[in-house]
Amino acid sequence: MMENRISFFECPECEDKPREACGVFGVFNNNGFDVARLVYFGLYALQHRGQESCGIAVTNQNGITGYKGLGLISEVFNDKILDRLDGTIAIGHCRYSTTGGTSIENSQPLMANYKDGRMAIAHNGNLVNAEKIRRKLEESGAIFQTSTDSEVIANLISRYGIQTGDLEEILVKTMQQLEGSYAVVLMTQKRLIGMRDPWGMRPLCIGKLDDSFILASETCALDAVGAEFVRDVEPGEIVFIQGREIRSIRGAAAEKPRHFCIFEHIYFARPDSFIDGASVYKARLEAGRRLAIEHPAEADLVVGVPDSGLTAAIGFSRQSGIPYGEALIKNRYVGRTFIQPQQKMREQSVDIKLNVLKEEIAGKRIVLIDDSIVRGTTTRKLVQMLKKAGAKEVHMRISSPPVKFPCYFGIDISSTKQLIAARMSIDEIRESLGADSLGFLSVEGLIKTPVGAPNGFCTGCFTGEYPITPDMAESATGCD
């Protein structure tokens with residue numbers, strides 16, 4: 001049985017940044033480890049991927065049990081709870097909702113039944129054909145308890161699981177029905193399983209700790225528990241971990257062109273992670289370097305917006321020769337997000353989160369670097385703060401292209417209404433922000449930044465070109 005806990009959490013709707021779905025982590029224990037605490041620390045390292053809710057499920061001689069609640073990892077779990085989560089296999093999840101509302105019912109891991117037992121499921125991503133599959137399953141008698149597309153995956157598994165106890169066959173059939181982005185970690189009584197969508201949109205990697213195996217959204221979570229990186233799960237691959245063996249099969253019916261979400265390198269992933277062979281930190285350095293080439297500025301100081309703009313600012317400084325300086329101080333005791341329903345409160349919140357070192361910028365021409373602009377609310381306020389503190393000029397530089405289009409694959413950009421770049425030209429945005437100049441990194445420059453990564457990125461939020469859309473998925477046949 002999965003226990004629930006509800007606690008206060010910080011509402012993410014107001015921050016002027018795109019939001020991502022979640023992080024997943026799993027452990028197959030061959031060494032007598034405390035699996036619940038391993039997952040706890042793994043999720044701690046993935047907390048940046050989701051702050052609304054979290055959960056841990058374990059398997060032991062009594063079956064599959066777990067605990068989940070609303071809030072940060074440190075708010076939901078304590079020693080007493082973790083002591084109860086004794087087991088040999090465990091998976092965990094931290095969530096930010098891009099589909100389905102914020103409720104304890106929508107928290108993960110979720111449970112699914114199949115012919116040979118039960119499984120727990122944790123999912124990162126977004127299905128573009130979730131509603132279509134949901135309708136067909138409901139017509140067949142399925143009852144949904146949540147509004148998430150993760151439960152669609154669970155119900156598909158249960159449907160195919162009635163027909164056969166062959167888990168490999170069940171998961172292959174399930175994967176062949178799914179359209180969209182997903183990195184899924186599953187757990188049965190005996191196996192830990194990982195699945196990655198055929199486009200490879202969301203990250204998933206394999207690690208090893210002594211003789212035990214780990215699945216994680218990012219390599220930084222492997223580092224957090226002392227595990228060694230083994231490899232990335234390939235697009236369209238399903239990996240089965242049991243005992244000391246990993247078995248791999250091809251889940252997708254046909255190989256698809258790689259479309260890894262480039263926003264993982266821009267913003268979502270931690271800079272100390274490696275994804276598909278590429279260093280996130282070096283990708284952001286390279287983005288800053290290319291930005292300095294594409295949009296040079298005459299200035300006295302380069303300043304990054306904490307934390308996501310700092311690495312690109314260093315790259316810009318190195319390429320341009322303009323000194324890098326710390327001029328914005330972040331309040332570390334304010335979460336990534338907090339409740340502020342009105343626009344006026346959103347703008348005031350920037351004063352709470354960031355403060356200007358006046359002595360560092362007074363009388364100087366500043367290049368202000370950030371990774372992206374969504375609404376423009378935070379950026380506008382930062383420009384005002386710098387000028388009020390005495391900056392002579394503020395030249396805004398963004399280490400990604402203008403975000404003009406919605407995302408269907410797990411970034412919380414469902415409409416163009418909230419996107420300033422969808423409504424305004426570059427010069428109109430500059431004027432709205434109050435900046436002396438404004439420059440965005442080009443799409444062509446951006447896709448060259450993840451050095452060492454395989455070619456093929458999803459840039460739909462910049463270009464409007466997607467590997468698949470909800471309309472395309474709706475017109476396709478499926479769910480046989």
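For all residues, glycine too, the Cβ spot is worked out from N, Cα and C.
Because TrEMBL annotations are produced automatically, they should be read as predictions rather than curated entries.
Here is what TrEMBL says about this protein:
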ACT_SITE  CYS22  active site, nucleophile
DOMAIN    22-244  domain 'Glutamine amidotransferase type-2'
BINDING   CYS261, CYS407, CYS458, CYS461  [4Fe-4S] cluster binding site
BINDING   SER308, ASP370, ASP371  Mg(2+) binding site
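Of the recorded residues, CYS22 (active site, nucleophile) and CYS261 ([4Fe-4S] cluster binding site) place their C-alpha atoms 14 Å from one another.
Within 10 Å of the C-beta of CYS461 ([4Fe-4S] cluster binding site) we count 27 further C-beta atoms, all protein chains included. Neighbour counts of Cβ atoms within 10 Å were compared across the recorded positions CYS22, CYS261, CYS407, CYS458; the minimum falls on CYS407. Within the model, the domain 'Glutamine amidotransferase type-2' (22-244) carries an average pLDDT of 93. Counting only same-chain residues at least 6 apart in sequence, those with a Cβ under 8 Å from the Cβ of ASP371 (Mg(2+) binding site) are ILE266, TYR267, ARG284, ALA287, VAL305, SER308, GLY309, ALA312, ILE398, SER399, SER400.
Note: the CA-CA distance between CYS458 ([4Fe-4S] cluster binding site) and ASP370 (Mg(2+) binding site) rounds to 21 Å.
Cβ atoms within 8 Å of the centroid of the Cβ atoms of CYS261, CYS407, CYS458, CYS461 (the [4Fe-4S] cluster site) belong to the same-chain residues MET201, ILE262, PHE263, PHE409, GLY410, ILE411, THR459, GLY460, TYR466, site residues excluded. Around ASP370 (Mg(2+) binding site), taking its Cβ as the centre, 25 other Cβ atoms fall within 10 Å, counting all chains.
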